[in-house]
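What follows is a single structure, written as structure tokens, with notes after it.
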Amino acid sequence: MSSDAAAQERLPGLLLVLSAPSGAGKTTLAHRLREASPDAVFSISATTRAPRGAEREGVDYHFVTAERFTELVAQGAFAEWAEVHGQRYGTLRATVDEALAAGKLALFDIDVQGGAQIKAAWPQQAATVLVLPPDEAELERRLRGRDTDSDETIRRRLVAARAEVARGLGSYDYVVVNDVLEGALAQLQAIVRHERLRHAGRWDPEAARVAEACRRSAAPLGGWAS
């Protein structure tokens, strides 16, 4: 094992929260980051919905009954939870603590409200990133390019996007504009390296430069600035 690889293994765990309006490319970025990071894992949520297709317990979700979910809520077991389309989803505190204790990079693909709750629960170990398309026109183009949604659905998604972006710009640590996928991925990797080194009391000037340029207060927001 090289000295660089050994140093990477000794880095502390990090919770990386990725939030974005639908169509920004967040999920693709999250999977690319996972593939490029040997110690990265996706946070596994608990849910009341039934498994779909090849989904597996403990791999894709923790599948629980509605009654058990209610018990877990009452016990304070969730760092965050929400109801979506009649089913409940939540992040278990124990799962997150295990990832941190193991020195993992835990990836969260959740909305801004959930991300804010993760940040509140682990303020020192969590970094929140808002992923944006270059502007609203590009977001609409991407949504229409899917060719799966009606005009009314796209309209609703754009309204929801404006609200989600406004919430994220008001609270998140970083902003990454996903114009070119590889460039956005490189920015995420720099943010991860900067945050983990910072917690270890170490420094990488280039990672710090890129990460600081993505700070919410410094990031170029393009068509989302108004």
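Using N, Cα and C of the backbone, Cβ positions are placed for all residues, glycine too.
These features come from Swiss-Prot:
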- Ala20, Pro21, Ser22, Gly23, Ala24, Gly25, Lys26, Thr27: ATP binding site (BINDING)
- 13-193: domain 'Guanylate kinase-like' (DOMAIN)
List nothing but the one residue from Pro21, Gly23, Gly25 whose Cβ has the fewest other Cβ atoms within 10 Å; the candidates are the binding-site residues.
Gly25
Need the DSSP three-state call for Gly25 (ATP binding site) to compare against my parser.
coil
Ten-angstrom check, please: count other Cβ atoms within 10 Å of the Cβ of Thr27 (ATP binding site), all chains counted.
13
Using a 10 Å cut-off, grab the number of neighbouring Cβ atoms around the Cβ of Lys26 (ATP binding site), all chains included.
22
Along the domain 'Guanylate kinase-like' (13-193), what average pLDDT does this model show?
92
Number of Cβ atoms other than its own within 10 Å, given for Ala24 (ATP binding site):
26
Can you count the other CB atoms that lie within 10 A of the CB of Ser22 (ATP binding site)?
19
Using all protein chains in view, find how many other C-beta atoms are within 10 Å of the C-beta of Ala20 (ATP binding site).
26
